[in-house]
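Visitor: I'd like to ask you about the structure that follows.
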Amino acid sequence: MKDMDCIPGPKPLPVVGNLFDLDLDNALQSIIKMADEFGPLFQITVNRQKHIFATSQALVDELCDETRFHKAVIGGVEKLRMLAHDGLFTAHHGERGWGIAHRILMPAFGPLRIRDMFEDMSDVAHQLCFKWARQGSSTSINISEDFTRLTLDTIALCTMSFRLNSYYNSDTMHPFVQSMLYVLKEADLQSSLPEVANCVRVKAQRSMSKHIEAMRSIAGDIIKGRRDKPEPVNDLLNTLLNGRDPVTGEGMSDELIISNIITFLIAGHETTSGLLSFTFYYLLQHPQVLEQARNEVDEVVGVGPITVQHLAKLPYIDAIMKESLRLMPTAPSFTVTPKKPEVLGGKWMINPGQSVHVLLPVCLRDEAVFGPDAGEFRPNRMLEENFSKLPPNSWKPFGNGERGCIGRAFAWQEAQLVVASVLQTFDLVAEDPNYKLRVKETLTIKPDGFRVRATLRHGRSATALSQHNMSAGATSSPGSSAHPAGNKNAQDAAGGQSISFFYGSNSGTCKALAHRLASTMMTRGFTDQHLAPLDSAVDNLPKDQPTIIVTTTYEGQPTDDAKKFLAWLESGIVPSLHGVSYAVFGCGHQDWTKTFYRIPILIDDLMHKAGATRLTTRGEANAAVSDLFSDLEVWEETNLLPALREKFDASNSGEFESLDLQQLQISISKPTRVGMHRDLIEGKVTAIRTLTSPGVPEKRHVEFQITSDTTLRPGDHVNILPVNPPSTVLRALARFNLASDHIITFESSNALDLPQATPVSAAELFGSYLELSQPATRNNLKSLASTTPSDEDKQELLRFHDSYDSLIRDKRVSVLDLLEHFTSITLPIATFISMLPVLRVRTYSLSMAPSFKPLHCSLTFSVVNEPAWSGNGRYLGVGSNYLASLTPGSILYVSPRPAKEAFHLPADQSSKPIIMICAGSGLAPFRSFIQDRMAWLQQGKPLAKALLFFGCRGPQLDDLYHDELSEFESAGVVEVRRAYSKVPNHYPGKGCRYVQHRLFAETETIQDMWAHNATLYLCGSATLAKGVKATLENMLGTLSEERYITEIF
């Protein structure tokens, strides 16, 4: 064996090594400069540890071979283990917790799951655009800070259904971000200092511990919040909490869950915000590129809403982002170590335990790969026709192999959307045209001090932008198109042909594609179907029917459920596959050029060599540039179906049409529970919107169309038949160990409002028939006490009984709450059901006048979602949360309910003045009053004076229907007097904090209207009514019921 070369590098000093060769504020830049001096491989000594750096594509290609090298956790990343322990990013190679978490979480980051997150990503992108639009073109924007807010809010919302609302808070960053920035910087610094120096930095160590504790506490609070308030959503947080490792059957411990939440919150936003910041820096430095990018967005999207389907049609945006990440990889290195002694580059010996850092800022500018202009920003080099020709492992900003970034697809989709949204909406300019790029370093990099100004395009105003985005419909989900039905009768499906589908799928994508293909094949007459993982096909490939394989490559290897199948094919002992007819559809991602479609190609070739008959050419879908379902449909129509027609449909003389599924005979009837209530009619939701800003109690507006005319008048009510919140239903199911689809049948019951002798699912029973949140009664407490074997629990329940009003009724403690608290209670489900009242209708005031929009109603309501008075979790209002869950097209059941006769408008609105007083959602009936007055005015009739006194928190918070009321004021329909409790001095609040203060300020006007026979109306809480009445009696004397009419809720 020839002698190995010594690895060059600056000469280290005793104890401190090469510490003095590094600028500790810009250590990365110091190391990059060394690459120019010492070549493609060099080493330095820091903290008594040798660090080897590789800077050429040729060396990186070797280091990415996972049969020779694996990830090493050292330096700053190792210091982060104090924070993230054995999370996905900081776990050592082979660490057990990493394996469990990785296998559980992989499906959560599959392409289809990522596409499902698009709507939430779009929500946060809109918030960014609204902020910039409302700030105006004169505002200086710290682009890195705003992108940090965006990416943190996005990862929290998309993966944990958790809103941080960074754009609605103060100018300071979220506490998690503040702690994160400190920890990242300190970990980087500690990795550069000798341990003796770190030991004497006591204050820094204490601060580090404090920030770590704060971050883990925030993650713990997220877990507690979800457990206290379960949500039936298919998000990452539920996967973390409830997922099970398919290999060991284990779930994740709370410590491991916290570590991975922190990992996602950091890794899921810090590098992406840097990518976006550098991308816009380069765009503003290159006006021609900026113009071409904007033109692409305008041509593909126009001025309409951006959809997930648009992203695959923006290749130049994709190339710009890749080029930006090439020049400025925001995670600037990853580290590997050999599994056994390895010779690198043919001349350097690397031993196990020695770590080699892939120095991406230099590797990705390798002139041997990218040419003499490798340091220049030239996006065309990253267009697909050029990118696909790059040597293997030339572009590795997301790391390598199984330890590469699990959230890469998430980050890329988010960044594409944001770049497209900003280009579509704004013209950007750098605040300082002479700005020279400075890089801020922690363990990641981003521009330092780069600021821009944003001007809305197309002459839009901020208000117009808001209306445009709010009116945009929800994006369609992938693969949702219907297949055209032919004219073959569905009865022909009986005795249909057989077909087998096998899939290899880690993330669930190929499994979903196989299911979709099976579904469409059902309509083509292949009704005898078998669908299973590829491993089940070992020694089990059928020969009397077509076999369709849908699979992908996972980090160069087969998926977990296809490993045995591929090993079988490669073993050399496969029996002849003569008689097997098959076709392969492969999925891949072009950025993994070395392994693109590797496994689908290998399976296709090995089966063919073993004697199987290839039905048609292999289908392929590139997840980077296309919609997988669309590619599958094209391959099905143009390749697979003709092949199946030729080989398996001879009996039909070539006629191979889809079954007409529309000839299925079905009937639809109203839910059983609707028939148990009188006078309910069907309504269809046509609009729903939030009326308040984040940070204040939520109020919503829902509008629905009814199927028949009613005698409703302004001021009347409607009864709504609700369902219980899903999280409350899940609690009940869990307490009685029931699945949602368990069937319950009442063989006999004294309750006439429960379905008799009719099977009903457990979820429907708890959701639609029972008052799960009803406070427990005294008798309930006695019954529960009699069923517990615990003397301690029995005494506690009896204590509750003796102090019923204060401990149960006033705190709204339900039977379900008690069952969750006293786990010793063994209550039969039948007894539980008998304890609960039947779910009742909820009553709301109309907020739309029938004359204003015939056959339509609207409600204005507060969404009750607040900490439970019992101190256990949150209390969810049944009716309001049901209404808040509706979307346009939803069906609800309502019945009209007249208000008391006095709570209506005067018969003669021309001569009788009115004064309306309310706060918050108490505005509802008065909105219908005002709309009816508008209809009266439009008929050419004169109107008597009307005053509306309205109390809320503030003009940008919960000033309900502000613009609409302003229009009515301009028309002379009403005069509005507001009181702002949070900003009383804001015009036009005139210093009045509450409604009664505003009434007092208008004493003269009110007395004059009272003298002209005005009627006073009030709608609100008992507290409001008490304060208002006292104020009015001080100025008007005794109030008669005929002229002072109240509705208290």
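For all residues, glycine too, the Cβ spot is worked out from N, Cα and C.
Fair warning: this is a prediction, and the values are worked out from it, not measured in the lab.
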Visitor: According to Swiss-Prot, which of these ranges is region 'Disordered': 369-399, 462-492, 648-678?
Guide: 462-492
Visitor: Which of these binding-site residues has the least crowded Cβ, counting other Cβ atoms within 10 Å: His589, Lys594, Lys609, Arg614?
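Guide: Output over binding-site residues His589, Lys594, Lys609, Arg614: least Cβ neighbours within 10 Å is Lys609.
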Visitor: Looking only at the domain 'Flavodoxin-like' (499-640), report the model's average pLDDT.
Guide: 88
Visitor: Which of the three DSSP states, helix, strand or coil, fits Ser505 (FMN binding site)?
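Guide: For Ser505 (FMN binding site) - judged by DSSP and reduced to three states - the answer is coil.
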Visitor: If you measure Asp604 (FMN binding site) to Cys405 (heme binding site) at Cα, how many Å is it?
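Guide: Spelling it out, the Cα of Asp604 (FMN binding site) and the Cα of Cys405 (heme binding site) are 29 Å apart.
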Visitor: Can you tell me the CA-to-CA distance separating Lys594 (FMN binding site) and Cys405 (heme binding site), as a whole number of Å?
Guide: 17
Visitor: Please report the number of other Cβ atoms within 10 Å of the Cβ of Ile599 (FMN binding site).
Guide: 25
Visitor: How many whole Å apart are the CA atoms of Lys609 (FMN binding site) and Cys405 (heme binding site)?
Guide: 36
Visitor: Based on DSSP, name the secondary structure state of Asp604 (FMN binding site): helix, strand or coil.
Guide: helix
